[in-house]
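Quick look at what TrEMBL annotates:
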type	residues	note
SIGNAL	1-18	signal peptide
DOMAIN	30-430	domain 'Integrin beta subunit VWA'
DISULFID	Cys31-Cys40	disulfide bond
DISULFID	Cys43-Cys52	disulfide bond
DISULFID	Cys230-Cys271	disulfide bond
DISULFID	Cys370-Cys381	disulfide bond
DISULFID	Cys497-Cys502	disulfide bond
DISULFID	Cys504-Cys515	disulfide bond
DISULFID	Cys517-Cys522	disulfide bond
DISULFID	Cys539-Cys544	disulfide bond
DISULFID	Cys541-Cys574	disulfide bond
DISULFID	Cys546-Cys556	disulfide bond
DISULFID	Cys580-Cys585	disulfide bond
DISULFID	Cys604-Cys607	disulfide bond
REGION	658-687	region 'Disordered'
COMPBIAS	664-674	compositional bias 'Basic and acidic residues'
Amino acid sequence: MRLAVFILIAIASESVQQSDDLCSHSSLNTCGKCIATPGCAWCESEGDTSRCGKANQKWCNGSLTNPQTVSRAIQDDPLSTTAGRIVQIKPQKIFIKARPGQKVQFDLHYQQAIDYPLDLYYLMDMSNSMKDDKDKLSALGSTLASEMRRRSSNLRMGFGSFVDKVTMPFVNTLTEIPCDGCAPPYEFINHLSLTDQTNNFAPAVHQTQISGNVDTPEGGFDALMQVMVCKNEIGWRNESLRMIIFSTDAESHYSGDGRLGGVIEPNDELCHMQRNRYTHGLVQDYPSVAQISNNARKLKMNVIFAVTENVKITYEMLKEAIYNSQTAILKGDSSNVVELIKEQYDKLTQDVIMDYPKNDDFEIKMFSSCKGNERKETNTCFVKKKGDTITFNVQLEVKQCPARKTQKIYIAPSSINERLEIDLEVDCECDCEKTGNFLPAHERCNRQGDLKCGVCSCHQNFWGPKCGCNTNSVSNKEEDNSACERNGETCSHRGECKCGACLCYDPERYSGQFCQCDSKKCAVGPNGKICSGPTQGRCDCEGCVCFEGWKSKPDCSCSDNTSSCVPPTGVLECSGHGECVCGECVCRIEQGKGKFFGKFCEDCSTCQDKCDDLKPCVQYKLPNEEGEQLGIPSGCDAYTMLTVQDLNDTTLAEKLQQHLQTENAERRSRRETNDENPLGGSEQLPEAEALSNSRKCNYYVQGCTYYYKYWTGLDKSTYVFLDTNKECVAPVDIWGVVFGLIGAILLAGIVMLVIWKVATTIHDRREFAKFEKERQAAMFDAVSTGEIFYKVLLI
C-alpha cells in the first residue's frame, strides 16, 4: 500500500514538475506566448519570479491573466418537422472562445423529420447494352414513384442519361447512327428535371432512345458532375434529401482519359448546360474521382452506384473514395430496381453519420449513447424510427495557435443539407496586448518600445529587456559582453554577443541565454516531428517537455490514455493478457497457452476462437430473422468488415490489398497519414501466405449459413471477411413427407403382394411340373408292365 502511494506521489510530482518547467521556459516571454501554452498564466506585476507560471498555483502578487473558455449559443431554434421550416439540428450556431489546452463540451441534438423532402434523380447509361434495363425501368417507373411516395410524400423525381464524349476513340464519328434504332451519341441530356409530377417519370424513360459508343468505359462522370453542380437546371431544393441513382453496366472514364480524344483542359466543376444538354464535353476532360467526392461532400449528394455484377468490384472501390456513396447490384434487366432504391433510401435515413473536420489546430470528439445504448465515442448512430432524437456530446479542444485566430467549423449529418456552425476564436493574445490597452513608446522601454502586459515590446531594430539595444548602433546602453560567456565560450560559438545578450546564428535551431540549446538534439517522434509535434510536446534545451496526456518518453509519443487498450466487449486492459504501453497492447506469453496476439491480446494459437464475439458485427451486415437490418452494435467499429466472393487465402489477400491501398490514398489526400500503409509502416502488402492463419466461422440466419473469416494484421487490426454466398437448405414440406410416407408404405405393400404372388406362382408351377412328371412316370410304368405280361402270355 505504501509503495502504491509513493508511486502515485512520484508520478504526480513528476507531472507538476514537468508542467512548471514548461510554463517557466525562457521563450514564454510575452503574455500571448504564455497563455498559448496549456496550463500557464501571465503575471503583469514585476517580481523576482518568472512572469509566466502555472495557472493553478499562487505565485503572482498582482494581476494574473488566465483567460477562461467562453461558449454561448447564437442560434438555437427548436427542433421542428413543420413543412417549410424543418429543423433537424440543434443548436444551429454557437460561439466558442478558448485557448490552447482547454476543452469545451456541448450537446448536439439531431431529430430526423418524419416526412422530409426527397429529391430522387435517376442517371442512366444509354449505351446499347442497357436497352433491357431502360425498358424495365420504364415499366416500373410508376411503381417506383408509388413506393418512394410512401416514404416521403414530398417527393420529386428526375431522369437523365449519358453515353460518352462525341469524338474518337470514345464513339464512332464516321456514322451518325451507331446502331439500328439508336439515337446519335451525346454526352449528357437532362430529360426530366426534378418534379413533383412523378407520373411524368415513366414516359420520360420510355421516350429516351438507346445510343451507342465504341470503348467499354462510359462518360458517366461528366454527367454525374453536371447533375450535382447544375442546381437550377436539375431542380435541387435547398431543404431535401438528395439521391442520385447512377445506373450502368460498365466502368467510367475519369480525369486523364479525355487526352485520348484531344481534350486536355481540366474539368472546372461548373455547370455547362444549355437546353438540357451538356455543352463542354469536347472542351473539358472528365472529372477526377476527388472532384466527384468533393462536390458530393459540399453539396450533400448521396450517390448510389446501381451497377451489374460484372463491374461490382470497380464500383466497390469507387465507393470507398467518393464521399457518402454506396454500391448496389442490379439484376441483368434491372428488375430489382425498386427494391434496390427502397433499401438504399432506408439506409440513408437510418444511419446518422456526423461529419466534422480534422486538423492539427483543434481536435473534435463525439460521444453518444445512441438512444439508450452504452455511451461511447462515436459519430454514428442508428435511428430506429423517424422522429427519434439522438444526442451527441461534442468535445472540442484547441491544440495550438493557428495562423488564423478565428475559424468557422461545421458539424453536419452526411446525408442532408443542415449543419451546426461553430465560430471559434482561439485566444492566443492577451487583452493587455491589444491596440488601445498597452502604453506606446513607454519610458521604461527607453521610448523605443511599447509596454505590453508589464514587459517591453521593442520597435524595429531595437531589442533587449528594456529596448536599450540598437542593431545598427556600435554602442548600446545595455552592453555587457561578460554576460554572454559560459564555460569560457561566448554564446557557445553559436551566436554573437550584442548588447550584453547572445544573438543566435540560427534562432530556429539554437536558443537559450547562451545559445546552448539545440532543437535538433530533441527526439523526433514517429510522425517525423520534433517531440511528436506541437500538440504533444515542445523542445526545451535539447530535451522534450511533454504536454498533459503524454508520458515523458524521449519523443512525447507515448499516450497516457489506456482506453484504447480495452476491448469493446470487455473491461480489462489488453483482455488481461498484456500491458498497455503508449496506448497499445504489448501481449504476454502465458504458460500453457503460448503468446497472445491481436489488438487487445484477445487471441492465441490454443485459444477458443472469437466467432461469437464477431457474430453481432456479422448480423449488422446481414438481415436478421425478421428481415430488418440491425443498428451498428457496440464495439464493431474496432473491426474492419470486408465482403468477398469466396474465402480462399488468395481472394482475401487481394481484397485486403485493395482496401488498404484505397484507405491509404484517401488518407494521404486528406493529409491524415504518411506514405506508409497501416500495416506498420512497410510498403509491402499482405500476401496469401500471411492470411493462412485466419480463423473460419459460420453464422446461420433465415435457413441459410454464411461463412466468414477473421484475421489479425501486423498493426493488430482485426479484419473480418464475409463471404456473400450462402448455403441454404430448402424448407421441409411436411405434407409432402406425410403423403410420401403413406405412398411409400402402400407401394411397399403392393410390391410385397406382387412378390408374394410371383413367388407362390413360381412355387405352384414347380409343384405342378413335378406332379406332371410323376404322373407321366406312373403311366409309363403301367404300360411297361402290361407289355411284359402280354409278352409272357404269348410265350
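For all residues, glycine too, the Cβ spot is worked out from N, Cα and C.
Whatever TrEMBL says is automated annotation, not expert-curated.
Here the features listed in TrEMBL are placed on the structure.
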{"residue": "Cys40", "record": "disulfide bond", "Cβ neighbours (10 Å)": "24"}
{"residue": "Cys52", "record": "disulfide bond", "Cβ neighbours (10 Å)": "26"}
{"residue": "Cys230", "record": "disulfide bond", "Cβ neighbours (10 Å)": "20"}
{"residue": "Cys497", "record": "disulfide bond", "Cβ neighbours (10 Å)": "19"}
{"residue": "Cys502", "record": "disulfide bond", "Cβ neighbours (10 Å)": "24"}
{"residue": "Cys504", "record": "disulfide bond", "Cβ neighbours (10 Å)": "19"}
{"residue": "Cys539", "record": "disulfide bond", "Cβ neighbours (10 Å)": "22"}
{"residue": "Cys556", "record": "disulfide bond", "Cβ neighbours (10 Å)": "27"}
{"residue": "Cys580", "record": "disulfide bond", "Cβ neighbours (10 Å)": "20"}
{"residue": "Cys585", "record": "disulfide bond", "Cβ neighbours (10 Å)": "26"}
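Rounded to a whole number, the distance between the Cα atoms of Cys544 (disulfide bond) and Cys556 (disulfide bond) is 7 Å. Close to Cys522 (disulfide bond) in the fold, though at least 6 residues off in sequence, lie Ile530, Cys531, Cys539, Glu542, Gly543, Cys544, each with a CB less than 8 Å from its CB. Cα to Cα, Cys517 (disulfide bond) and Cys497 (disulfide bond) are separated by 16 Å.
Nearest Cα neighbour of Cys52 (disulfide bond) among the listed disulfide-bonded residues (Cys370, Cys502, Cys541, Cys604): Cys541. Of the listed disulfide-bonded residues, namely Cys31, Cys541, Cys546, Cys574, the sparsest Cβ surroundings within 10 Å are found at Cys541. Considering other CB atoms within 10 Å as the measure, the emptiest surroundings among the disulfide-bonded residues Cys544, Cys604 are those of Cys604. Within 10 Å of Cys574 (disulfide bond), as judged by C-alpha distances, the disulfide-bonded residues found are Cys580, Cys585; the full candidate list was Cys381, Cys580, Cys585. When the disulfide-bonded residues Cys271, Cys381 are compared by the number of other C-beta atoms lying within 10 angstroms of their own C-beta, Cys271 comes out lowest. The Cα atom of Cys585 (disulfide bond) lies nearest to that of Cys370, taking the disulfide-bonded residues Cys31, Cys40, Cys271, Cys370, Cys502 as the candidates. Within 10 Å of its Cβ, the residue among the disulfide-bonded residues Cys515, Cys517 with the fewest other Cβ atoms is Cys517.
Put simply, Cys580 is the one of the disulfide-bonded residues Cys40, Cys515, Cys580 whose Cα lies nearest to the Cα of Cys381 (disulfide bond).
The closest partner of Cys502 (disulfide bond) among the disulfide-bonded residues, by CA position, is Cys541; the full candidate set was Cys31, Cys230, Cys370, Cys541. Every protein chain considered, the tally of other Cβ atoms within 10 Å of the Cβ of Cys370 (disulfide bond) stands at 22. Checked against Cys546 (disulfide bond), the disulfide-bonded residues Cys31, Cys40, Cys43 differ in C-alpha distance, with Cys40 being the nearest. For Cys271 (disulfide bond), none of the disulfide-bonded residues have C-alpha atoms inside a 10 Å radius of its own C-alpha, out of Cys40, Cys43, Cys370, Cys504.
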